[in-house]
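Over in Swiss-Prot, the protein carries these features:
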type	residues	note
BINDING	C21, C24, C39, C42	Zn(2+) binding site
ZN_FING	21-42	zinc finger
Amino acid sequence: MEKRELYELKDNKIVRKRRFCPRCGPGVFLAEHEDRFSCGRCGYTEFKRKN
């Protein structure tokens with residue numbers, strides 16, 4: 001996936017579609033899986049809550 005695919009334009013503002021990794025910081029996005037978010041760079045993982 002290219003970096004430009006991770007942003008969209010809304011009302012003349014650039015909006016991120018994905019969250020940044022809290023460990024790696026801005027510029028490194030978390031991959032969204034069915035049950036978790038994960039960072040491919042550092043291995044950080046957050047599991048989604050089941051409601």
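Using N, Cα and C of the backbone, Cβ positions are placed for all residues, glycine too.
Mapped onto this structure are the features recorded in Swiss-Prot.
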residue	record	Cβ neighbours (10 Å)
C21	Zn(2+) binding site	22
C24	Zn(2+) binding site	15
C39	Zn(2+) binding site	19
C42	Zn(2+) binding site	12
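Averaged over the zinc finger (21-42), the predicted model reaches a pLDDT of 95. Here the zinc finger (21-42) is broken down by DSSP into helix, strand and coil counts: 0 helix, 11 strand, 11 coil. Take the mean position of the Cβ atoms of C21, C24, C39, C42, the recorded Zn(2+) site; other residues of that chain with a Cβ within 8 Å of it are P22, R23, G25, V28, L30, G40, R41, G43, Y44.
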